[in-house]
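Participant: Annotations per TrEMBL:
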- G15, G17, D79, D80: Ca(2+) binding site (BINDING)
- H336, H341, H515, I638: Fe cation binding site (BINDING)
- 2-118: domain 'PLAT' (DOMAIN)
- 196-638: domain 'Lipoxygenase' (DOMAIN)
- W103: site 'Essential for stabilizing binding to COTL1' (SITE)
- 172-189: transmembrane segment (TRANSMEM)
Amino acid sequence: MSKYNIQVFTGHYLGSGTSNRIYINLIGKIGSSGRHEIKTLTGLWAGSQLISVHCKSDIGDLLLVELEAKPVALGLVDDDWFCSKIIVTTPEGVSMLFPCHRWMSSNKRLSLRGAVGVCIQSHYEHLIFSIQIDVYYRWGIYAEGLPHIVNAESPTELPPEVRFSFTKEKEFLFTLVIALFNIFMPVLTEYVEKNWMRDDFFGYQFLNGLNPTMIKRCSELPENFPVTNDMVKSSLPEKSTLEMEIEKGNIFLCDYKRLSGLQGNEINKKKQYLSAPLCLLFSTPDSKLTPIAIQLDQKPGARNPIFLPSDNEKDWLLAKIFVRGAEFNEHGLNFHLLRTHLLGEVFTMAVMRNLPSCHPLFKLLIPHVRYTLQINIMARNRLVSPDGVFSQYTAIGNKPMTKFLKRAASSLTYSSLCLPDNIRERGVEKIPNYYYRDDGLELWNIIYSFVHGVLSFYYNDEDVQKDKELQAWIDEIVENCFQEKSKTGFPQSFVTVEELSKFVTMVIFTVSAQHAAVNNGQFDFGAWMPNFPSSLQCPPPIRKGDTTDDTIIKTLPDVSTTLKIMAVVYMLSRESSDRYPLGYYPEASFCEDTPLDLIAKFQEDLRVLDKKIEKRNKKLDLPYTYLSPKNVDNSIAI
């Protein structure tokens, strides 16, 4: 008779324990132990419970631990249980870890595979593993032409292991209410309030503000933006010309063409206005970025003048306000919602549907999908639904919002999500004082080094090609994210460890660093409403010389709209009390020495980068902190 000693670990979340009857079955290569009840007098509570299981005959190499929950009290009481892990010590004295980290309801079964990373094609091919894709992880349609979403209208439809803790959910709701009453609390907005009208700060925000990946080098003026040398001569160095500065790589462009033709919303029974501006910027000899020409609509003409710094001061300020209004929509919908939240949801769904818990990629990615499904459902219900805050209190409204998102999704490419490629494609390798780029590239390289090290431990190129679970994962991402696959540049499958490492780095960077860059500063830059207006109550000016202080005041959002949007950006920017910073792995998913050593090195590399950024920031008037690793969350959790 063989004896197996088993430690059953219950998590420390509120309500993790259970009074349900829990059964365990050890499944080996040639047999099983049969079902044994984990007997306790008071149920399972936080901590561990030690039991022994005796097998009458040899079950062979241990492959699976099967758990089953049965309710007490004739099935009238359903008491969920959070199992963090199972440790089994075999008769030979070998300890095996079986990670769980999920909730278990009555009359449910869980099959746990060992923590040693296993690619399904390389071990036990005679045993058919099946992954239960239950009703929780079904695909739904957000809108045609957009990435697919989880088919759930409420967070309560999600399995407990991917939902917020009770504490976080109450905190989330409480914060939104408190924000409405404490909106003018001291924050890092004083600098913005004092400097928002300055041209160099206007330019700075394209590099280190909320939307730092839209600006690109202008190698040739667009045909619909007829800026002449005479127009911008006063903004350029003496004896220089626009053509010369373009040739030197000192001219940059932001084009908001995706907003063209969209009709503005109606707020409080008053029509709002959108513009689709083009903004030309110059990188000055003293390393500043300043705007030198703004056109507020895509079609040039007499009623669409090109505004210049040499114009009337108020004309120029109003033109910049319209650019910032366009920036609000481009940032919030394209670079924040689409390129982090919606993509993160696709990545999460593909992980949960295709990768078992012992799969190396599951272990690597599970910290980076925490809370993403719930936060997205809440955003769809409360922010971007027809009666949500953004639909009701922004210039773009609900129907134009969907149209804009489709335009943005159609231009989404793989290279635009891979920061080194993105930087090269936009031609911004040399622009000075671009702290997002500098910190982002260092973070990308640190993440890549970690990811490549872990994946190389488990895979060679042939293993990658044969791993059906891995190939199903990328296939499902592409299938549910991109309508025209051939034009996006996304891999249709993985052939090498290098290809896989780059893609996984992109996934982790997107849901951690990129989300931090576009999310965490929303209150910093948006609390002073004129710098980041959510709506504009007057149409773009059609001639110069008419703008007054009264014109600007009437154009900006009303007080009610301002307060509601400020409450939302405060809530979205606020640090959560249970956040997991980048590199934090609270659940022991890996058990081999090499991955554990790589995690330790990853964490040390992040600490070194933190210190480097902190040292640089001491020399800056406005420190750039959004990509300091200590300020970056592991996942999209807010």
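Keep in mind that glycine also has a Cβ here, set from the backbone N, Cα and C atoms.
Unlike curated entries, TrEMBL annotations are predicted automatically.
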Participant: I need the CA-to-CA distance for I638 (Fe cation binding site) versus G17 (Ca(2+) binding site), whole Å please.
Facilitator: 27
Participant: Return the member of W103, H341, H515 nearest to D80 (Ca(2+) binding site) in space, with distance defined Cα to Cα and candidates limited to these recorded positions.
Facilitator: W103
Participant: So, three-state DSSP: helix, strand or coil for H341 (Fe cation binding site)?
Facilitator: helix
Participant: Taking the mean position of the Cβ atoms of H336, H341, H515, I638 as the Fe cation site, which residues outside that list, in the same chain, have a Cβ no more than 8 Å away, listed in sequence order?
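Facilitator: Once H336, H341, H515, I638 are set aside, the remaining close residues are L337, T340, G344, I375, V518, N519, L572, I636.
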Participant: Cβ within 8 angstroms of the Cβ centroid of G15, G17, D79, D80: which residues besides those meet this for the Ca(2+) site?
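Facilitator: Counting only non-site residues, the set is S16, T18, S19, N20, W81, F82.
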Participant: Tally of helix, strand and coil residues over the domain 'PLAT' (2-118) according to DSSP?
Facilitator: 3 helix, 64 strand, 50 coil
Participant: So, in DSSP terms, is I638 (Fe cation binding site) helix, strand, or coil?
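Facilitator: I638 (Fe cation binding site) sits in coil per DSSP, no helix or strand.
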Participant: Compare the C-alpha of G15 (Ca(2+) binding site) with the C-alpha of each of the recorded positions W103, H341, H515, and give the closest one.
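Facilitator: Smallest Cα separation from G15 (Ca(2+) binding site) among W103, H341, H515: W103.
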Participant: To which of the binding-site residues G15, G17 does the lowest count of other Cβ atoms within 10 Å belong?
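Facilitator: Across G15, G17, these binding-site residues, the one with fewest Cβ atoms within 10 Å is G15.
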Participant: Compare the Cα of D79 (Ca(2+) binding site) against each of the recorded positions W103, H336, H515 and report the nearest.
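Facilitator: It is W103, whose Cα lies nearest.
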Participant: At the level of the C-alpha atoms, what whole-angstrom distance separates H515 (Fe cation binding site) and W103 (site 'Essential for stabilizing binding to COTL1')?
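Facilitator: Here the two Cα atoms lie 28 Å apart.
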Participant: What are the non-local neighbours of W103 (site 'Essential for stabilizing binding to COTL1'), defined as same-chain residues 6+ apart in sequence with CB under 8 A from its CB?
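Facilitator: Within the chain, W103 (site 'Essential for stabilizing binding to COTL1') has Cβ neighbours under 8 Å at D80, W81, F82, P159, P160, E161.
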Participant: May I ask which residues of the same chain, at least 6 positions away in sequence, place their Cβ under 8 angstroms from the Cβ of H341 (Fe cation binding site)?
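Facilitator: Correct list: T372, I375, N376, A379, H515, I636.
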Participant: Could you tell me the C-alpha distance between H336 (Fe cation binding site) and G17 (Ca(2+) binding site) in angstrom, no decimals?
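Facilitator: With the alpha carbons as reference points, the distance is 37 Å.
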